[in-house]
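Participant: This is the structure I have questions about; it appears just below.
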Amino acid sequence: MSDKEMNVESFNLDHTKVKAPYVRLAGIKTGDHGDAIHKYDLRICQPNKAHMEMPALHSLEHLMAELSRNHTDKMLDISPMGCQTGFYVTLINHDDYDDVLDLIDKTLNDVLVAKEVPACNEMQCGWAASHSLEGAQALARDLLAKRNEWNQVFA
């Protein structure tokens, strides 16, 4: 790891020191008009040890993106990490960490009872063939089983 500070926040995180699963505040940006954008690192898999398979990850993304908005109007985006170990959860004007944990908890519980993956068709999705509701539900179940660990980022 370089001693030089990098522009991308996660590139400055020592991935060998973290212990998934966890939720950490990765950054705050303030807009020109005072809005605060909070980006959270929702890490599901241990970096460089495990990763989510794409169909499960893809379905979990669709499910969380849709279902989280039933619990808050502050959600801007839920986006998967390219390394397939987690998601970035981005909210506007919402700085209550415990409430973010509750939001993720409620959303994952919604995933467990979902009957289908939202927007899982060629009109609404760029890779509609790559989905697994069962895989997404298994990820949600495993993550919820470790709910008491989410606030512990480092080993």
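Cβ coordinates come from backbone N, Cα and C, glycine included.
Feature annotation from Swiss-Prot assigns Fe cation binding site to His58, His62, Cys125; the stated evidence is sequence analysis.
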Participant: Which of the three DSSP-derived classes (helix, strand, coil) applies to Cys125 (Fe cation binding site)?
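Facilitator: Its secondary structure by DSSP: coil.
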Participant: Let me check the 10 A CB neighbour count of Cys125 (Fe cation binding site). How many other CB atoms are there?
Facilitator: 16
Participant: Compute the mean position of the Cβ atoms of His58, His62, Cys125, which form the recorded Fe cation site, and then list in sequence order the other residues of that chain whose Cβ is within 8 Å of it.
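Facilitator: Same chain, not in His58, His62, Cys125, Cβ within 8 Å: Ser59, Glu61, Val117, Ala119, Cys120, Trp127, Ala128, Ser130, His131.
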